[in-house]
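One structure is given here, and the rest of the page talks about it.
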Amino acid sequence: MVKSRPLPSIFEFNKLLSAIAKMKKFDLVISLGEKMQRLGISHNLYTYNILINCFCRRSQISLALALLGKMMKLGYEPSIVTLSSLLNGYCHGKRISDAVALVDQMVEMGYRPDTITFTTLIHGLFLHNKASEAVALVDRMVQRGCQPNLVTYGVVVNGLCKRGDIDLAFNLLNKMEAAKIEADVVIFNTIIDSLCKYRHVDDALNLFKEMETKGIRPNVVTYSSLISCLCSYGRWSDASQLLSDMIEKKINPNLVTFNALIDAFVKEGKFVEAEKLHDDMIKRSIDPDIFTYNSLINGFCMHDRLDKAKQMFEFMVSKDCFPDLDTYNTLIKGFCKSKRVEDGTELFREMSHRGLVGDTVTYTTLIQGLFHDGDCDNAQKVFKQMVSDGVPPDIMTYSILLDGLCNNGKLEKALEVFDYMQKSEIKLDIYIYTTMIEGMCKAGKVDDGWDLFCSLSLKGVKPNVVTYNTMISGLCSKRLLQEAYALLKKMKEDGPLPDSGTYNTLIRAHLRDGDKAASAELIREMRSCRFVGDASTIGLVANMLHDGRLDKSFLDMLS
C-alpha cells in the first residue's frame, strides 16, 4: 500500500488496521501506525481510536493516554469509542477506580454512556471483586435511561455465579423477565453450571425443566454440566437418561459429555457401561483424549483389573494419544499395590525412554512398592536416583523410606536419614517420629525409643494414640509393665484416649507375665470403654486355656 502512487486514502489504511486488530495482532497494528507516521501519512480520529484500543488491549494504558493527549492537541475530540477503549483498558489493567472516574467524567463532558460502556464497567467491577457495586450499576443504568441488554445481564449472571451468589443470579432472571428481556441458553447454562458446582443438583434439574418450558432449547453445554453433576452424585440412571434424551433431540454429545460419564462409571466399577461409551465415542468420530484414557486406566487400576488397564494403555498409544505423567503414575501405583513391582519398574524405565521425568509421586510410589516387595536395596537406589534427578522428596517419601528401612532391619540406615532430616529444614510430623520409635523398639533399642518419645514435648510435637501404643508395645516387649501402665494412665489423664489396641497390648503383656488379676482388671476396663479383645488376644487366651494356665472365665470376659 505504501508503495502505491497515489497513496491510498487514510480510510483504506484504517480498514487494514481494523482488520489486523480484529485478528488480535495488536503489536503489528501499533508498528504499522508508527510506520504510517514516518511516511507522513496523517492519522485521523478513526486511526487514533484503533491505536488507543490496541494499546489498551496490550495493557499499555500510559501509552494509550499519551496518544489520547496527542490526538486532542491536534484538535480531535475523543469519541464514545475512544473512551470505551480506555475504560476497557482500565478495567483489565487493575485500575478500576480510574474506570469508575472515567464514566463520571464522560457524563460531565456531555457524553451519554451507552449499554456497551456500562457493561464494560460492570465486567470490570466483577473482575475486581466489587460485586455489589456491579449489581447496583445495573439499576443506575436504568435510572439514566440506558436499558441493560442480554449481554449486560449475561455479564452480571456470570459474575454472580462465579462468586457463588446463585440467589442473586435467580433474582436477576426475574428482573429480566419483568423487563421483557428473554434469557438465552448461555445465561441458563451459566446458572445451571454454577448450581452443579455448588452441588444443588435438583435445583439445576428444575431450572433445566423451566428453560425447556419457556421454549429455550438446551445445548450440549447444558447437558454436559448436568450429566457431570449427576455422575458425581452416583445418579447413573438419571445421567444415562439425559444422554439418551439429548441424542433423541439430535444434540450430539461431545468429548466433555462422554468423559464425565466414563469417569463416573469406571470409578463405580461399571466397566461394561464405560467401555460401551468408549466404543460409542469412536463410532461418533469423537476421539478420546488423555482424560478419557486416564479415567479408564485409573478405574481399572482401582478395581485391580491391571491387565485391562495395560491393554487400554497400549490401545491409547496405538491411537497416537501419548500417555502423560498421570497415566504412568496411575499404572505404577496399580502395579505396586498388586505386588507386581517388576511391571511398575518396567513402566518407570519406559517413562524415561519417552523423555518423561517422574515427579515426587512417581518415585515415592515405586519406593513404597519395592519396600513392600522386600527389595530394600533397589528401593534405596530409586531414592538416590530421585535426589540425583533433582526431584524433591516430600514428607511422605521420607516416611515411606524410614518405615521401609526399619521394617527391613536397616535401623542404622534409617537413623542416618532421620538425623539428616532433623538437621535440615524438613518439618517432621508425628508419623515420622512414630515410625522411628517403632523401628527402635523392634530392633530391641527400647531405651532409645523411650528417649525419643520423651523428647516429643520439647520438639512441640504431640504424640497420637498410635505413638502411645507403639511405645507401650515396646515397653511391654522388655517386660517394663509398670512404665507401660504409667503411659496408659497418662493417656487417660491428658489424652489421647486409649483405644482397643492400647488395652489389648497391655492385656497380652500381663497374661504373658502371669499376672491374671491385672489382666482381668484391664479386660473389665476395656469392656467398659466398649472395646473387645482382638484376634491376637483371643488367640493367646485360647492357647493358655488349652494349656490349663487360664480358666474359661477369661474367654467369657473377652467375648
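Cβ from N, Cα, C; glycine included.
Look at the repeat 'PPR 1' (9-43): DSSP puts its residues at 26 helix, 0 strand, 9 coil. Taken from Swiss-Prot, the feature repeat 'PPR 1' applies to 9-43.
Per Swiss-Prot, repeat 'PPR 2' is recorded for 44-78. Residues 10-11, 13-14, 17-18, 21, 24, 26-27, 29-30, 33, 36, 85-86, 88-90, 92-93, 95 of the same chain sit 6 or more residues outside the repeat 'PPR 2' (44-78) yet have a Cβ under 8 Å from a Cβ within it.
Beyond the ends of the repeat 'PPR 3' (79-113), by six or more residues, the same chain brings 45, 48-49, 52-53, 55-57, 59, 61, 64-65, 68, 71, 120-121, 123-125, 127-128, 130, 144, 146 to within a C-beta distance below 8 angstroms of the stretch. Marked as repeat 'PPR 3' by Swiss-Prot: 79-113.
Non-local neighbours of the repeat 'PPR 4' (114-148) in the same chain are 80, 83-84, 87-88, 90-92, 94, 96, 99-100, 103, 106, 155-156, 158-160, 162-163, 165, 168, 172, 175, 179, 181; each lies 6+ residues outside the stretch with a CB under 8 Å from one of its CB atoms. The repeat 'PPR 4' annotation in Swiss-Prot covers 114-148.
The repeat 'PPR 5' annotation in Swiss-Prot covers 149-183. Applying DSSP to the repeat 'PPR 5' (149-183) sorts its residues as follows: 27 helix, 0 strand, 8 coil.
Taken from Swiss-Prot, the feature repeat 'PPR 6' covers 184-218. DSSP places the residues of the repeat 'PPR 6' (184-218) in helix, strand and coil in these numbers: 26 helix, 0 strand, 9 coil.
Across the repeat 'PPR 7' (219-253), DSSP classifies residues as 26 helix, 0 strand, 9 coil. Annotated repeat 'PPR 7' per Swiss-Prot: 219-253, in sequence order.
Mean pLDDT across the repeat 'PPR 10' (324-358) comes to 95 in this model. The repeat 'PPR 10' annotation in Swiss-Prot covers 324-358.
As annotated by Swiss-Prot, repeat 'PPR 11' applies to 359-393. The DSSP breakdown of the repeat 'PPR 11' (359-393), given as helix, strand and coil counts, is 26 helix, 0 strand, 9 coil.
For the repeat 'PPR 12' (394-428), DSSP puts the residue distribution at 26 helix, 0 strand, 9 coil. Swiss-Prot lists 394-428 with the feature repeat 'PPR 12'.
Taken from Swiss-Prot, the feature repeat 'PPR 14' covers 464-498. Remote same-chain partners of the repeat 'PPR 14' (464-498), defined as residues 6 or more beyond its termini with a Cβ less than 8 Å from a stretch Cβ, comprise 430, 433-434, 437-438, 440-442, 446, 449-450, 453, 456, 505-506, 508-510, 513, 515, 518, 529.
For the repeat 'PPR 15' (499-533), the DSSP-based tally of helix, strand and coil residues reads 26 helix, 0 strand, 9 coil. According to Swiss-Prot, the repeat 'PPR 15' annotation covers 499-533.
Sorting the repeat 'PPR 3' (79-113) by DSSP state (H, G, I as helix; E, B as strand; all else coil) yields 26 helix, 0 strand, 9 coil. Residues 150, 153-154, 157-158, 161-162, 164, 166, 169-170, 173, 176, 225-226, 228-230, 233, 235, 246, 251 of the same chain lie 6 or more positions beyond the ends of the repeat 'PPR 6' (184-218) yet place their CB under 8 Å from a CB of it.
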